[in-house]
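Chemist: First the structure, which I've put down as structure tokens, then a few questions once you've had a look.
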2 protein chains.
Amino acid sequence: MAAATPLLKDELDIVIPTIRNLDFLEMWRPFFQPYHLIIVQDGDPSKIIEVPEGFDYELYNRNDINRILGPKASCISFKDSACRCFGYMVSKKKYIYTIDDDCFVAKDPSGKDINALEQHIKNLLCPSTPHFFNTLYDPYRDGADFVRGYPFSMREGAPTAVSHGLWLNIPDYDAPTQLVKPQERNTRYVDAVMTIPKGTLFPMCGMNLAFDRDLIGPAMYFGLMGDGQPIGRYDDMWAGWCTKVICDHLGLGIKTGLPYIWHSKASNPFVNLKKEYNGIFWQEEIIPFFQAATLSKECTTVQQCYLELSKQVKEKLSTIDPYFTKLGDAMVTWIEAWDELNPTGDNLAKLSIADGPAKTKK
Amino acid sequence: MAAATPLLKDELDIVIPTIRNLDFLEMWRPFFQPYHLIIVQDGDPSKIIEVPEGFDYELYNRNDINRILGPKASCISFKDSACRCFGYMVSKKKYIYTIDDDCFVAKDPSGKDINALEQHIKNLLCPSTPHFFNTLYDPYRDGADFVRGYPFSMREGAPTAVSHGLWLNIPDYDAPTQLVKPQERNTRYVDAVMTIPKGTLFPMCGMNLAFDRDLIGPAMYFGLMGDGQPIGRYDDMWAGWCTKVICDHLGLGIKTGLPYIWHSKASNPFVNLKKEYNGIFWQEEIIPFFQAATLSKECTTVQQCYLELSKQVKEKLSTIDPYFTKLGDAMVTWIEAWDELNPTGDNLAKLSIADGPAKTKK
């Protein structure tokens with residue numbers, strides 16, 4: 001009997017930001033090996049990152065990013081996992097799955113290994129329900145449906161742009177919560193996938209995340225974090241706020257819930273507090289800003305939405321800190337770089353072979 | 001060792017609408033016996049409803065409703081389980097739990113009987129989080145918390161007004177879905193309680209529902225259904241739409257998820273289709289109406305909110321069908337009756353002993 005072809009084998013890239021050897025891939029081998037990996041090496045570019053045998057990958061270090069983007073490389077963070085968004089930009093696939101290198105395969109309550117990627121793909125390939133809440137969770141799942149009182153006109157749902165997966169073991173807590181509850185572990189397996197309703201923001205974690213590049217890619221910018229920036233650990237949050245506002249505007253859906261990965265190790269809460277410190281204050285103003293943000297109906301592409309949002313960021317958030325002026329500019333640079341690497345129609349010819357990665361292996 | 005006192009023993013009434021003997025209570029005895037029951041007998045008032053020995057209850061039939069409410073009894077539905085809301089009105093307790101008489105005790109995945117009432121009480125006694133989504137579900141639950149990126153200023157949450165429980169076995173489907181999927185059973189136990197975000201409507205089912213009468217009671221009107229009305233099976237939906245809009249306005253929370261009950265028997269889909277027929281059309285206009293509804297900031301009590309909503313219903317929905325003019329008037333009558341039976345301050349003296357139930361047993 002021939003093995004079934006893995007879902008979307010040639011339409012999905014796995015993006016991994018890292019500073020170390022990728023031994024964690026051994027555990028993922030049964031699930032990831034058929035797919036192409038894009039590894040974004042953070043920190044010292046002279047360091048050699050070992051990738052286990054048999055994986056098909058391309059690897060970019062800081063020198064590669066600088067060479068490929070030139071002056072526009074300034075929009076890609078350094079010494080922060082926010083650099084992963086460079087991988088989204090250089091991918092040529094329709095779908096992206098991104099995972100942290102301290103995340104392992106989790107088990108479901110029956111003890112079976114969870115194929116996280118397969119669940120993400122299922123989440124992305126079936127619609128979302130952002131306009132009305134279904135109390136039995138995902139209505140498209142086997143054994144479920146829309147409940148009584150769910151308007152029939154809304155049952156087609158909306159295209160799904162993002163699938164946000166969760167974490168067993170070490171929960172994704174901020175530094176203060178880590179400090180207060182150092183022993184807390186997430187042991188609850190909640191067997192549900194749900195759509196985050198339109199108009200509701202959520203804290204998007206980049207640890208175990210999949211999205212449709214064609215639908216929402218240019219909004220998945222992880223901001224300016226780490227080296228030389230006054231903030232860290234808000235890269236995925238920033239992308240989540242922008243993405244949610246744009247998905248709501250464009251009528252796209254975002255799901256959260258399954259699949260779980262096993263998050264192996266808590267990061268250092270003292271180091272985290274230093275990175276998060278400003279964000280903890282700033283988010284008190286940033287979140288009301290995004291909650292109130294509206295985009296004009298002329299914005300019909302993700303790029304247009306994102307550029308309009310970048311203007312509003314500069315206008316309304318730069319009163320918090322000059323950092324937001326810089327971030328607003330970086331958002332524009334990001335879109336310019338995205339469009340350069342992802343030309344459409346006539347622009348295709350501009351793409352030069354010199355833009356390839358430093359190191360590839362098939 | 002003395003048994004622990006059941007939670008809120010003297011502050012909660014269990015409201016049960018019925019047309020038959022309440023044998024189903026036998027299974028609930030370990031959980032319900034300490035509480036007071038309010039039984040609302042629907043249909044023929046001459047029929048004797050048997051209640052198992054040992055339960056503390058009061059029972060109201062149609063004659064009692066007519067006697068107590070006089071001409072205002074017109075707002076209470078007949079030959080429809082919508083009549084249950086009369087029980088909410090005559091209760092003098094802070095909390096209500098309402099359950100259908102075809103609902104039995106469900107088991108959790110470990111095989112243990114689920115004390116649905118206890119879970120509802122826990123849901124009501126701890127805050128909701130309607131203003132921002134927490135990806136690990138109820139942040140107040142043991143072993144959970146707010147995730148990274150959840151604004152600290154929002155972590156106090158909002159008072160919880162409603163706890164909406166779910167159903168294993170027979171899912172709460174509309175007639176068309178019942179007809180298409182007669183064999184579908186809900187077997188998935190989702191171990192989560194979550195807040196329905198502000199601004200999002202949901203289909204509220206009255207089968208397994210608890211609420212705080214003081215916070216939201218007057219909005220829990222189940223409308224005009226059944227005998228003489230062009231619609232049925234939208235009683236709880238109507239209450240849910242109104243309640244959600246008012247909770248959002250007043251900054252109150254609504255939770256859904258645990259606890260599950262075991263829903264034993266599917267109602268007849270052909271009968272249901274007849275009842276739902278108009279609702280299936282009408283909800284396509286009703287839901288956008290409620291999604292857009294806003295209340296003026298002068299409305300600071302549930303009653304004020306509800307009366308303002310009744311005006312909007314008459315103005316904006318009576319174009320669908322004259323029924324909505326009648327319903328809007330009934331909403332006003334309901335509030336008048338509520339205030340008569342639930343006097344505050346000086347009005348307390350008006351309450352006459354003659355308003356007692358027909359039959360009580362302690």
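Yeah, the Cβs are placed from backbone N, Cα and C, and that goes for glycine too.
The N-linked glycosylation site annotation in TrEMBL covers A:ARG148. Taken from TrEMBL, the feature site 'Required for activity' applies to A:ARG148, A:ARG155.
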Chemist: Would you mind reading off the Cα separation of the residue listed as 'N-linked glycosylation site' from A:ARG155 (site 'Required for activity'), to the nearest angstrom?
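Modeler: Distance between the two Cα atoms comes out at 12 Å.
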Chemist: In the structure shown, with every protein chain counted, which of the recorded positions A:ARG148, A:ARG155 has the densest set of Cβ atoms within 10 angstroms of its Cβ?
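Modeler: Result for the most crowded candidate: A:ARG148.
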Chemist: So, in DSSP terms, is the residue listed as 'N-linked glycosylation site' helix, strand, or coil?
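Modeler: Assignment for the residue listed as 'N-linked glycosylation site' reads coil.
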Chemist: For A:ARG155 (site 'Required for activity'), which DSSP three-state class applies?
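Modeler: Assignment for A:ARG155 (site 'Required for activity') reads coil.
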